[in-house]
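The transmembrane segment feature in Swiss-Prot is assigned to 6-26, 60-80, 96-116, 156-176, 190-210, 228-248, 324-344, 350-370, 395-415, 423-443, 452-472, 482-502.
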């Protein structure tokens, strides 16, 4: 299906579905926006931010007020004047419902169009995706953004205009990806003047522009002054257009009226239903302390009021009260730390969407009076970033599941209860299908067991809240199940933030240190023969051998194909070659290749054996070294120990600098003499097969095995569960060509073929 056909099909499906949702439940936000239309239509501009006939007063920035005035003009033009009556009590009719629902649907069409523009025209979206999967990445981005479950719940049922605002943010992302930084800044400034909650992204923009827009080499002042002036103009134009009419109408008082409505301080630390952030955990800790201390009769504390389910100011019973300024300080400090780390660690390579994710996360997690719907501000840039970097797919899936559970309490009527489950479950499977198309990775990589366990736990709490709580407790403890959902989702979101930070910064100094330390511990256990293994002590024990190898995509070396090729022994008949894709999570560390690949290889081998037990090999051959290693434990040792199968390391090359590291620089001259000796032996004895022991150091852990009449050799070292003599004898029977051991060669060729066909296209592999 072509791009245009996909966009039209998805648009038709989504708009048709949203039309079916017109009769669905609406929240108080429905009356909020109707009243705003009425206020902007019926009152002069100077009274927009003072009109208080209804409790649902205008509290969005002026651009949104102008948008409401535009909707009011359309309503008046088409005869929907009942929408434009200022009333103290809510007004609702079928005509009002139809008009306001369709106003959202038309905004959704704009949003879908912007999703298509960004997904199919952004030059940076698929730069780290293998060439043959790039179109899949673009299609996944479009479908996942256009059908975002949080937007359907919040806009098409609950009722808001988040899709229109998200479209403006995506336009800013698009301009950044195309390096039109002034247009991106202008778009963001427009967005802020529509809804000030998008200040969540502000620090992300600041840090990204400092790194990518401004110049800090050469004559800094001369180079940056015109850039700063241009940026300031781009940012100020929307603000001037937004507030100048109010200054003209009411002077400074007009600005004060806007500020009073936009930044109320009488709403309490958390919303009526706690958003899944740090303050939900803080409230819960305070409640637990109050209950325990009251039970033990230690001190006298006021009963907590934050479990009333009302929007109000409140005090904590035991823990210190938290002021708006205190939360702002936490937001700024946490943002500064993580964004500074992103600049230092990633320098100019970090994508803006990641800056936006971290900036929004800090505001959402520590912000004052955060609404659960604000999770949209995290999921949108996270969706974009996960497409750009497939390493984050599992984090994205977990985030959207947490978002779904946190949004469920918004819809509580019987029909909408089933509807919200259907929407979120459908989106979950859509996400799995399209993300799998981007990487071809197995589902186990996308949905780790720990995530599944947390979803089941949250699911049980949700079922209890919806179907059992009222039946068991009637009208008692109404807030308890909502609090349980808030706490569980807050805990999961905290863990997700930790995982995101680890995935982003963990490949730095700390993760390298940690990876080396754990590798060295494992190697100590390997040298002590702690791991159980089906050892090979005689050639009669060997009936089936297997070679294993990996090949990586050119544009993303973390995406690999693993192939394992099975052969009978000693007659060397091919039995099967099985391959699959994997994502390598850890970075490459010199002399620690096993850290990156060994566990992935061993897990894949065990999964193959589990599915096909008849293919369990007696020996596994790895492309690399075994005991011939600077620490005595190369790749083959790790794979053998982790899989429980005797292993042999077979390397095609013996690079001298690695050899020096392995046996010590003091033996450098001996190595050079030995290499020259081997060349002379092979040159003068072309028809003599056999091997030459690498006996510079004792005990001998490496044999150089000649490949037929070739002057080349392969380098054999024992891995785990087998000795060098037997390893060399087995390998000598596996040479069918003059390149390497046949099972390894077959695995290598197959993995390269699959990379070429499914990742890189027909370009020549390096």
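From the backbone N, Cα and C atoms, a Cβ is placed for every residue, glycine too.
Here the structure is a predicted model, which means the values were calculated and not measured.
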* Asked: Taking a Cβ cut-off under 8 Å, which residues six or more beyond the ends of the transmembrane segment (324-344) line up next to it in the same chain?
  -> 203-204, 207, 210-211, 265, 269, 278-279, 350, 354-355, 358-359, 362-363, 365-368, 501, 504-505
* Residues of the parent chain within Cβ reach of the transmembrane segment (228-248), under 8 Å, 6 or more residues beyond its termini -> 45-46, 49, 61-63, 181-183, 185-186, 188-190, 192-193, 209, 213-214, 254-255, 257-258
* Residue list, the transmembrane segment (156-176) vs rest of chain: Cβ under 8 Å, 6 or more residues beyond ends. => 18, 21, 24-27, 29-30, 33, 67, 100-101, 103-105, 107-108, 110-111, 113-115, 117-118, 121-122, 145, 183-185, 187-188, 190-191, 194-195, 198, 201, 208, 352-353, 356, 373, 376, 380-381, 384, 410-411, 416, 419-420
* To do: Using Cβ atoms only, state whether the transmembrane segment (452-472) and the transmembrane segment (395-415) have three or more pairs under 8 Å that are 6 or more apart in sequence.
  => yes
* For the transmembrane segment (482-502) and the transmembrane segment (190-210), does the number of C-beta pairs under 8 Å, pairs 6 or more apart in sequence, reach 3 or more? -> no
* Asked: So what's near the transmembrane segment (423-443) in sequence-distant terms, Cβ-Cβ under 8 Å and 6+ beyond its ends?
  -> 129, 133, 136-137, 139-140, 143-144, 147-149, 152-153, 386-387, 390, 393, 396-397, 400-401, 404, 408, 559, 580-583, 758
* **Same-chain residue ranges lying at least 6 outside the transmembrane segment (395-415) that approach it to Cβ under 8 Å** => 24-25, 27, 149-150, 153-154, 157-158, 273, 275-276, 372-373, 375-376, 378-379, 382-383, 386, 424, 427-428, 431-432, 435, 446-447, 451, 454-455, 458-459, 462, 465-466, 482, 485-486, 488-489, 492-493, 496, 499-500, 503
